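Here is what TrEMBL records for this protein:
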COILED    192-219  coiled coil
DOMAIN    223-387  domain 'Hflx-type G'
BINDING   229-236, 255-259, 277-280, 346-349, 365-367  GTP binding site
BINDING   Thr236, Thr257  Mg(2+) binding site
Amino acid sequence: EEDEAALEELLGPSPLAPGPGAHRVAIVHPAVKWGPRKAPHTTAELQIAEAVALVDTLQNWTVLDKIILPTRNPSKKFVFGKGNFQVLTEKIKKLPNVTAVFLNVERISSLTKKELEGAWGVPVFDRYTVVLHIFRCNARTKEAKLQIALAEIPLLRSNLKNEASQRDQQRGGSRYIMGSGETFLETQSRVLKERELKIRNALEKLRRKRALLRTQRRKCEFPMVSVMGYTNCGKTTLIKALTGEAGIQPKDQLFATLDITAHAGYLPSHMAVIYVDTIGFLTDLPHNLVESFSATLEEVAYSDLIVHVRDITHPETILQKATVLSVLRNLNLPSHLLDSMVEVHNKVDLIERYKPAEENALAVSALHGHGLEELKQEIEKKILAATGKKILTVNINLEGPQLSWLYKEATVQEVEVMPEEGTARVKVIISSSAFGRYKNLFPSSKISMS
């Protein structure tokens, strides 16, 4: 109960949340036209379209205007040059009932945020703040909420430094709190550090609990397939199509899945597998945010196979692939998982006569069921290779102990009984070690590969 009370305290309302009300947003995209800061494989128009999709994900938020302005260096204090900044300020001030500006950059410093809000008279959000708020709205489990609280710590720290320097400027006198010997910054930093430690400890407890569940699942020997991809690429729809699970409700929005969910399905040989739905990725998703969700993504390292789903109709599909692969490499996954990955080109029903350019990619339409049988066969082939399992047909004597042994030590698929001979043909999925034991125990048994 004490743990529960402490957890509830950590999961209280966020001081950073923009609040539940409506926002009318002007989206401003600083377009870098040249140099190393220019984003490859994309355009300013596509980048601002993704920013619009982020805002549209939030209930009661609407886009009033989209503004693309060139800049040489988006990390300087006012983001734009003097002339462009003046033009932009006038434009924002003329917008009817604007309540916020979304500056489409990964992070802005607390100093820049303060200057821009002073100039424009409304709150200014960056991608980190907006994505974090989407996460907040979509988080259902305690674990997801804790991971969001952890991702807020760097922002709280940045805000704290800004607040402390303001206090110093205003007071000009003693920096210490009520003779405590601690400055305001030191006191608040300590409180923040303690909060971070509590969140990490709570996440560690949940991680250990999940590790226990994973061990129990391993005992059942169900292979695990992690389904990954850029946000809104159709992962959940694909899992629904592969498993036929009616309770799965895909949503056409960014970051609809924040918690890992597991769903059982069957492969062509009737082998049961568990498909794991994971959080989607995003270009310029701040490192702290990915790090906060590493506990969730840790599950991927224990899977037997990764299926990488791509929305092949998206104009930035190549950039999206690069983003996902970059995040996967940073998760320090075992190399065999990255090497055996299955690439799925989804939504091919929207492109006439689509043929994948990549040699090993599979074209599917999760919505219409196109290409799913080929995908299941490929998953089965890779799972058998990854787990060392074999699909065999063995001839057994019904009077002997073989059948009960196979039921206990392997996965029996089919039993074809020949009553006049007192024998049966049994199709099984069996691990290499169990197969070795079977051959030693029943050396005269006839075995054929399926």
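Heads up, the Cβ atoms here are built off N, Cα and C, so glycines get one too.
Overlay of TrEMBL feature records on the structure.
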{"residue": "Gly229", "record": "GTP binding site", "CB count, 10 Å": "24"}
{"residue": "Asn232", "record": "GTP binding site", "CB count, 10 Å": "23"}
{"residue": "Lys235", "record": "GTP binding site", "CB count, 10 Å": "30"}
{"residue": "Thr236", "record": "Mg(2+) binding site", "CB count, 10 Å": "22"}
{"residue": "Ile279", "record": "GTP binding site", "CB count, 10 Å": "25"}
{"residue": "Lys347", "record": "GTP binding site", "CB count, 10 Å": "23"}
{"residue": "Ser365", "record": "GTP binding site", "CB count, 10 Å": "21"}
Separation of alpha carbons, Thr236 (Mg(2+) binding site) and Lys347 (GTP binding site) (Å):
13
Ser365 (GTP binding site) to Thr236 (Mg(2+) binding site) - Cα separation in whole Å:
13
For the domain 'Hflx-type G' (223-387), provide the mean pLDDT of the predicted model.
85
